[in-house]
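Asks: Take a look at the following structure, please.
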Amino acid sequence: MNSEYDYLFKLLLIGNSGVGKSCLLLRFSDDTYTNDYISTIGVDFKIKTVELDGKTVKLQIWDTAGQERFRTITSSYYRGSHGIIIVYDVTDQESFNGVKMWLQEIDRYATSTVLKLLVGNKCDLKDKRVVEYDVAKEFADANKMPFLETSALDSTNVEDAFLTMARQIKESMSQQNLNETTQKKEDKGNVNLKGQSLTNTGGGCC
């Protein structure tokens, strides 16, 4: 294990173009915000190290372009991702409607064990909101994924979103390791029993 960190998690940010994925990542990684952020072309990424439950977790966060013409480029990044954050804009109904399509993309390209988080960005724009919290929460619950509303502008829940994702992955990995350890012990017990049986059977042979 690397001495600089205990875990390395690969996260993916997906969602329609213009929902604020890059601004969320910039706020989380550098604690800055800009209105002049240029739309991502293809894929960009940043690295952020955080402390989580006494462990050092290195997050490799990939920011993908939402435009259709980049879809084939970004699809390859689904594989190998531990967690995928689907972002929509609370002031843009179409971006929320698009979440279903993004979930289909995850089913198509990601592993079956990948973890998901739904994020409604731009919650600071209260007067322009068109997607209600309860509607999005119900959708997230139906699809068995956590849900948070964020604002890259004023930092609301931005850190919580990434840490929620990281914690999910860490807990999933811990459970997986526990299951594997239990399975190995069971397998070892079976091997010993079989070995003993074979030894006894062959005891009279020269």
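From the backbone N, Cα and C atoms, a Cβ is placed for every residue, glycine too.
Dumping what Swiss-Prot says about this protein:
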type: MOD_RES; residues: M1; note: N-acetylmethionine
type: LIPID; residues: C23; note: S-palmitoyl cysteine
type: MOTIF; residues: 37-45; note: motif 'Effector region'
type: REGION; residues: 63-80; note: region 'Interaction with GDI1'
type: LIPID; residues: C123; note: S-palmitoyl cysteine
type: CROSSLNK; residues: K144; note: ubiquitin cross-link
type: MOD_RES; residues: S172; note: phosphoserine
type: REGION; residues: 173-206; note: region 'Disordered'
type: MOD_RES; residues: S174; note: phosphoserine
type: REGION; residues: 189-195; note: region 'Interaction with GDI1'
Asks: Between the Cα atoms of C23 (S-palmitoyl cysteine) and C123 (S-palmitoyl cysteine), find the distance and write it as a whole number of Å.
Replies: 13
Asks: If I restrict to non-local contacts, at least six residues apart, and a C-beta distance under 8 angstroms, what lies near the residue listed as 'ubiquitin cross-link' in its own chain?
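Replies: Residues satisfying the criterion: none.
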Asks: Give the distance between the Cα atoms of S172 (phosphoserine) and C123 (S-palmitoyl cysteine), rounded to the nearest whole Å.
Replies: 29
Asks: Looking only at S172, S174, the modified residues on record, which one has the least crowded Cβ, with the fewest other Cβ atoms within 10 Å?
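Replies: Minimum Cβ neighbour count within 10 Å, taken over the modified residues S172, S174, occurs at S174.
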Asks: Restricting to the same chain and to sequence separations of six or more, state which residues have a Cβ under 8 Å from that of C123 (S-palmitoyl cysteine).
Replies: V90, R129, E149, T150, S151, T156, N157
Asks: How many other Cβ atoms sit within 10 Å of the Cβ of C23 (S-palmitoyl cysteine)?
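Replies: There are 23 of them.
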Asks: Where does C23 (S-palmitoyl cysteine) sit by DSSP, helix, strand or coil?
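Replies: DSSP call for C23 (S-palmitoyl cysteine): helix.
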